[in-house]
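K.L.:
Structure provided below as structure tokens; questions to follow.
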């Protein structure tokens, strides 16, 4: 190796005289000795002086400056190297003294000050990174996590109930394992053809079943499966898509599912994802009235309504089923805009005249006027009423406006829509321009549970009456199941022409694994402990196992009156989110997700009551 390569500090690039190779042998030897002594001295200082690790960092991080100093010294040749060595040693001593002072200063600080310094440094690095074209960081505020009571429950003491609960858990495992095996990452499963299925409701967002099932997995203590689902959400759930989605469906399934998973597990990934998606839904509210569009392109922010919806109207059950999730988004993000958007919807509604005190299903977001006067507590209207009541309950019963709107609406429904059949079955009809259609949808069967949930908050002279109404609706909906060949309820059933609680039209005879009837059983069991509700729920379990279970999961049925099932080959995500969860809770004790701490969104995702605690910190989640 040429000696010149060993002399980086003594070579002087701007020198015009002889090159290093012109040195005599004795000069080379002397220079080599000097350089060796210098290296030995440096390493001795590094390894034997105190706080050598700090010194090491000073040497290595400042080596370029040292190198510059030695290379730009005077043209003195041999005489300059000694001065350079002294400067190097002086700089090493200076860095060492500085490191000792920093260490002393740090040791004098309290632990909380040190922690804050670290956080400040991290924040500064993140900001600097973002300013240099780095990825923008998530600016969510710190939220102290407290898991509400009853996230999981102990085994029921009664052996029969315990066995039935275990059976429901086995059903969940079969549905989940089949999805994971045949359709992992797709929105839903085709259990007969054993492949993935995707609805256009979600655009190109993937994983609806995973997000919808998260809280059910946790509640059933299927923690290995929950961890697998969590990992998928962290790595694969992506909302940066150029696609049009249903604001309503994405909110209740994805936002609701993520929020619930956060409140149950405390995992920050769910809070981040929920807020991220919520922010992408905000452009849907950019209408003259603030009534949101039904459909939204998540990339462009352009919205529109379903073309079939009464002259481009927004739908009551869609714009009215955002309140619970958006209030929690404001809570978890520190952004009041979410809450403001849904409270504005109420302002618009309160300015309008309600025909017979009823809320029509269609509202034009441009004019702020009702569309055609069609009223339903089933499809197109259902969860609007549910969210009025639950907004009041979720606010720790402080949202008096929501409470009044709910009980006024319930009174109008009782007066105008509730009827009894000739054989004494109570049902809720639909209202079209002042005329009743004596049809009740499977979706309407949630109302039994809703009325029972709200009965305690009604005026004292109405509480018992509303519980009776809830029980009668539950009985009617059970009859819609009992009067089919497969003991599973049709999509809609009628009360006319001598027919009661039976579907008379072919396009109303299907069953798509819906939860509403079982939802009402669960609420009625919690409030009455009448054993018939558990028996009715067990009948549904047996029918699901006998007619809907296939090798690749669970499938809906095209005609519940046929002697043998004709499967529709879709395992809906809400089967895991709602139907199986409500069955599991039906066979659980009351302290599992107790109603005084949790409120279920319309996709059965439990959200905690938002408390006003004693220190006046608003909206503290317990």
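Every residue, even glycine, has its Cβ placed from backbone N, Cα and C.
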K.L.:
From 29-49, 50-70, which range did TrEMBL mark with transmembrane segment?
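P.N.:
Within the set 29-49, 50-70, TrEMBL attaches transmembrane segment to 29-49.
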K.L.:
Starting from residue 445 (disulfide bond), work out which of the recorded positions listed here (249, 516, 602) have their Cα within 10 Å, and give them in sequence order.
P.N.:
516
K.L.:
Inside 10 Å of the Cβ of residue 477 (disulfide bond), count up the other Cβ atoms and send me the figure.
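P.N.:
Other Cβ atoms within 10 Å of residue 477 (disulfide bond): 29.
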K.L.:
Return the member of 382, 477, 491, 516, 602 nearest to residue 249 (active site, proton donor) in space, with distance defined Cα to Cα and candidates limited to these recorded positions.
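P.N.:
That would be 602, nearest by Cα distance.
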K.L.:
What are the sequence-distant neighbours of residue 491 (active site, proton donor), meaning same chain, six or more residues apart, C-beta distance under 8 angstroms?
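P.N.:
Spatial neighbours, sequence-distant, of residue 491 (active site, proton donor): 441, 442, 503, 507, 508, 509, 510, 511, 512, 514.
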K.L.:
At a 10 Å cut-off from the C-beta of residue 249 (active site, proton donor), count the other C-beta atoms across all protein chains.
P.N.:
19
K.L.:
For the recorded positions 382, 445, 516, which one has its C-beta crowded by the most other C-beta atoms within 10 angstroms?
P.N.:
445
K.L.:
When you measure from the Cβ of residue 602 (Ca(2+) binding site), which residues in the chain that are at least 6 apart have a Cβ under 8 Å away?
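P.N.:
Long-range Cβ contacts: 252, 256, 321, 382, 383, 386, 387.
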